[in-house]
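Chemist: One structure, as C-alpha cells, below. Some questions next.
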Amino acid sequence: MKIFFFIFAALFLLAQIFQARTAIHRALICKRMEGHCEAECLTFEAKIGGCRAELAPFCCKNRKKH
C-alpha cells in the first residue's frame, strides 16, 4: 500500500516538471516576439499570445502607433 503512494507522488512530480518546461518554452517564444509575460496587459499593450503560466497567462507587447 505504501508503494502506491510513492508511485502516485512520483507521477505527480513528473507532471509538474513537464508543465513547467512547457511554460518556460512559451515564455521564450513570447520573448522572441519582443513581448513579456504578465498577469494582465496594460492599456497601451496588445495581447499577442499566451504564456500559460499560472501567474502570468498573457504575452503582452507595446502597440505600434500608425
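Every residue gets a Cβ built from N, Cα and C, even glycine.
What Swiss-Prot records for this protein is below:
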type	residues	note
SIGNAL	1-22	signal peptide
DISULFID	C37-C51	disulfide bond
DISULFID	C41-C60	disulfide bond
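Could you give the neighbours, burial and distances for every feature on this list?
Modeler: The local packing around C51 (disulfide bond), expressed as other Cβ atoms within 10 Å of its Cβ over all shown chains, amounts to 25.
Cβ neighbour count for C41 (disulfide bond): 18 (other Cβ atoms within 10 Å of its Cβ, all protein chains included).
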Chemist: C-alpha of C37 (disulfide bond) to C-alpha of C60 (disulfide bond): distance in Å?
Modeler: 6
Chemist: List the Cα distance (Å, whole number) between C51 (disulfide bond) and C41 (disulfide bond).
Modeler: 12
